[in-house]
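Notes follow once the structure below has been shown.
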Amino acid sequence: MTWEVLSMIGTIAFAVSGAIVAMEEEYDILGIYILGIVTAFGGGAIRNLLIGVPVSALWEQGLFFQIALLSITAVMLFPNNLLKHWQRWGNFFDAIGLSSFAIQGALYATQMNHPLSAVIVAAVLTGSGGGIIRDLLARRNPLVLKSEIYAVWAILCGAAIGLGIAVSSAELYSLFVIITALRVLSYTYKWKLPVKRLGIR
Amino acid sequence: MTWEVLSMIGTIAFAVSGAIVAMEEEYDILGIYILGIVTAFGGGAIRNLLIGVPVSALWEQGLFFQIALLSITAVMLFPNNLLKHWQRWGNFFDAIGLSSFAIQGALYATQMNHPLSAVIVAAVLTGSGGGIIRDLLARRNPLVLKSEIYAVWAILCGAAIGLGIAVSSAELYSLFVIITALRVLSYTYKWKLPVKRLGIR
Amino acid sequence: MTWEVLSMIGTIAFAVSGAIVAMEEEYDILGIYILGIVTAFGGGAIRNLLIGVPVSALWEQGLFFQIALLSITAVMLFPNNLLKHWQRWGNFFDAIGLSSFAIQGALYATQMNHPLSAVIVAAVLTGSGGGIIRDLLARRNPLVLKSEIYAVWAILCGAAIGLGIAVSSAELYSLFVIITALRVLSYTYKWKLPVKRLGIR
């Protein structure tokens with residue numbers, strides 16, 4: 001149950017985030033749908049690949065697919081003056097997608113008895129896979145790798161689940177809220193991780 | 001039979017389209033072969049991934065591989081003054097590859113009893129997967145997402161096959177000709193889909 | 001045995017090469033780890049996909065994962081004045097990764113009785129897959145496709161193994177040294193393959 005809800009939230013969030021990026025890049029209507037769909041399902045496809053579930057299991061998600069299409073349509077119908085006022089929505093939805101998919105990826109990997117390091121990697125790549133594909137297709141610098149705190153939160157997710165700290169539904173939903181909040185705080189206040197420069201000078 | 005012919009046409013078309021992009025980008029001889037091969041087989045690899053056929057099934061396509069190598073060699077040996085005169089060939093071959101691979105992807109998905117939405121997605125991603133990889137590697141804006149009508153034709157393919165409108169060989173070949181023609185018309189006359197701008201101003 | 005040693009060398013080399021690229025691009029600390037890990041395991045993931053081993057087999061490589069993390073940490077702790085003096089290290093490690101992974105990919109494909117053409121493609125894509133993903137993520141022009149001799153050496157590897165010229169451990173290690181040396185020579189002396197220009201004028 002928790003599972004499906006998290007998948008659904010992540011799917012909507014990433015579909016919307018892809019659609020917003022596509023609108024920012026002035027793609028046509030179909031391009032908006034495509035980028036939304038790819039962002040929403042790219043994370044799941046990479047997760048399936050990484051943990052040994054057939055990628056074709058995606059096809060069973062007919063409901064999710066329709067939800068994604070609906071979300072994208074809703075975003076497109078949204079009045080422009082609201083959307084532009086809220087361009088940070090792109091980041092916000094990305095944050096929700098990150099935390100829900102990171103949790104879900106970590107749960108999957110735990111269930112398959114993968115070791116802790118694998119749970120963490122699964123959380124990071126599931127949470128950021130869709131966003132990486134989105135940024136690559138839109139020819140942007142992948143958000144994940146920018147000097148902004150992003151993947152740290154997915155690592156936290158993976159550790160919390162892999163170490164058995166978050167197990168029950170209530171704990172997982174709390175984790176979801178905490179991780180989303182941390183991501184929102186980190187881009188709002190521009191928290192940075194240290195950079196190791198090669199030091200030209 | 002129809003199957004193999006369509007695969008072959010798509011393979012040649014995408015191999016040539018990759019080679020032409022590589023020449024435009026002034027890659028060396030090997031880079032031309034690599035981009036041609038990746039473009040030709042990338043669509044098939046993504047299709048296999050998406051519909052649950054092992055990607056390694058590609059290795060059984062020894063004949064196709066040789067055909068792709070031959071096509072690329074032929075393009076490289078082609079006199080320059082003809083090639084440059086025909087740079088739209090890149091687009092033309094891309095159109096053939098799009099329609100043949102979209103049909104083939106949709107057929108595959110239908111045979112595996114996937115639902116209609118999956119047939120359409122399979123058509124779109126099979127038809128455009130190779131081209132997307134090609135454009136990413138050549139650091140171009142993916143053609144599929146540009147404000148030009150591209151993926152609409154793949155969606156049409158998927159719908160025609162998924163709804164059982166095109167079934168016999170004759171119908172499939174007609175579909176192939178129609179889709180290719182529509183793609184050629186759409187870039188020749190610069191048909192556009194509407195764009196939803198975020199409206200900076 | 002040879003197998004594991006080559007995998008280990010390739011993993012370290014690509015992890016370091018990814019970390020160096022990330023430092024050049026001024027990524028933050030986590031970005032450096034991510035790019036290092038993706039570069040180190042991307043080649044293996046693509047190889048697994050291509051030859052029909054489940055990608056999730058990567059999770060069994062816990063030791064390799066730790067080695068990669070250690071290597072990246074070591075590079076970050078390295079004094080800057082040495083690192084900047086040795087920026088060609090990026091190329092050098094890339095060369096080691098190329099040859100070790102190309103050999104390993106070709107061995108895998110041979111063991112699975114794939115045909116010669118497949119062995120060569122496996123060598124090329126295994127040897128260069130991690131580097132291609134690294135360059136795409138860092139938004140660089142993929143090294144493999146640049147007008148510098150790169151993939152030729154992977155093809156040589158594939159041919160030597162596919163044709164049964166290099167079989168014993170000693171032969172494979174010699175092949176490793178030769179291929180690495182050829183790659184180093186080719187970028188040091190800027191060997192070029194011919195380019196087929198479309199000739200605008």
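Cβ coordinates are placed from backbone N, Cα and C, and glycine is handled just like the others.
Please treat TrEMBL annotations as automatic predictions, because they have not gone through curation.
Residues or ranges marked as domain 'Glycine transporter' by TrEMBL: B:5-78, B:92-160. Summarising the annotation, TrEMBL assigns transmembrane segment to B:6-23, B:30-51, B:63-80, B:92-110, B:116-137, B:149-167, B:173-191.
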Do at least three C-beta pairs under 8 angstroms join the transmembrane segment (B:149-167) to the transmembrane segment (B:92-110), pairs 6 or more apart in sequence? yes
Which stretch, B:30-51, B:63-80, B:92-110, B:116-137, tops the Cβ pairs under 8 Å count with the transmembrane segment (B:173-191)? B:92-110
Counting Cβ pairs closer than 8 Å, which of B:30-51, B:63-80, B:92-110 has the most of them with the transmembrane segment (B:116-137)? B:30-51
Using DSSP, break the domain 'Glycine transporter' (B:92-160) down into helix, strand and coil residues and give each count. 55 helix, 0 strand, 14 coil
Integer mean pLDDT for the domain 'Glycine transporter' (B:92-160): 84
Residue counts in helix (H, G, I), strand (E, B) and coil for the domain 'Glycine transporter' (B:5-78), per DSSP? 65 helix, 1 strand, 8 coil
